[in-house]
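Right, one structure below, let's go through it.
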Amino acid sequence: MLVLGIESSCDETGVALYDTERGLRAHCLHTQMAMHAEYGGVVPELASRDHIRRLVPLTEGCLAQAGASYGDIDAVAFTQGPGLGGALLAGSSYANALALALDKPVIPVHHLEGHLLSPLLAEEKPDFPFVALLVSGGHTQIMAVRGIGDYALLGESVDDAAGEAFDKTAKLLGLPYPGGAKLSELAESGRPEAFVFPRPMIHSDDLQMSFSGLKTAVLTAVEKVRAENGADDIPEQTRNDICRAFQDAVVDVLAAKVKKALLQTGFRTVVVAGGVGANRKLRETFGNMTVQIPTPKGKPKHPSEKVSVFFPPMAYCTDNGAMIAFAGAMHLGKGREVGAFNVRPRWPLSEIVR
């Protein structure tokens, strides 16, 4: 079956074709980054209007890539939520209208479930079960995944998402939009331990996380540097050092919490998905991850166990239509009820946890 996937939850318009027998056939994406940069952030009305302009050309581009026609489409999947209301409505309206015209089923998909399953698009796929870290601008959650549609929420950020903390910290440092990626780039030139920031909740017994306090620690450091220099500008090397210290703190917290999740579940496979999954430091740290099974006092320590870690291909870390087409195809194959026009801008992942 050939499933058309449509993603329009924020500032990327993604369209893709996934074949249940042949895999991903085509993937087209338009980012609105340049358009929103002028405003220092996403403008919802502009995002919605741009999605409307892009959906038809992107669909036709995907069909051309795959050597297919509208008549070959067996189902249409779209992001129902969460996201910006107007942006979601643009994708939902198009998906439902197209499905109606083609007399094909329409499949609503949870945006985060799309991210959760995106590593399954890679050539080397993880086996179930696994611990999933969903880490993006809007969400930071740790899930136990036992199969398609079989998810359990283990922990999440109680305030800012990790990606949101990256973007807000970048803004504090005067970096251009989108700041998170620029912060990561500058962190490569930062000196280790020139600054040391707290690792909030890293030692808590649960799997909850917090990043707002870390952002405050950066603000305090920035204000101190400016006061010492008697100027608003931050020296280039100092800025890079702050970027590195911030990034190291975030990655340390994420790694520590995922290790606790592995010990809690007994799983030895990790999947990292979402925009922050493209971060080089995070990939390096998780790629070398091991877990140490606790031993009773006085007993020999168990040897460390290597963890298998999977990331989606870089093209599928950010929002994209491929993950929506794939998730839709998986649900269609399991006989999920289809057909939905409404959108859900606020849609907790816990509501689809089985």
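Each residue, glycine too, has its Cβ placed from N, Cα and C.
Swiss-Prot annotations:
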BINDING   HIS111, HIS115, ASP319  Fe cation binding site
BINDING   LEU134, VAL135, SER136, GLY137, GLY138, ASP167, GLY180, ASN279  substrate binding site
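Where Swiss-Prot records a feature, it is marked here on the structure.
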residue : record                 : Cβ within 10 Å
HIS111  : Fe cation binding site : 27
LEU134  : substrate binding site : 25
VAL135  : substrate binding site : 29
SER136  : substrate binding site : 24
GLY137  : substrate binding site : 22
GLY138  : substrate binding site : 17
ASP167  : substrate binding site : 22
GLY180  : substrate binding site : 26
ASN279  : substrate binding site : 26
ASP319  : Fe cation binding site : 26
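Only HIS115, of the binding-site residues HIS111, HIS115, ASP319, have a C-alpha within 10 angstroms of the C-alpha of LEU134 (substrate binding site).
The local packing around HIS115 (Fe cation binding site), expressed as other Cβ atoms within 10 Å of its Cβ over all shown chains, amounts to 31. Comparing ASN279 (substrate binding site) with ASP319 (Fe cation binding site), their Cα atoms are 15 Å apart once rounded. Report note: the Fe cation site is defined by HIS111, HIS115, ASP319, and the residues of the same chain whose CB lies within 8 Å of the CB centroid of those residues, excluding them, are GLU7, SER9, THR79, LEU112, GLY114, SER136, GLY274, ASN320, MET323, ILE324. Cα of HIS111 (Fe cation binding site) to Cα of GLY138 (substrate binding site): a span of 11 Å.
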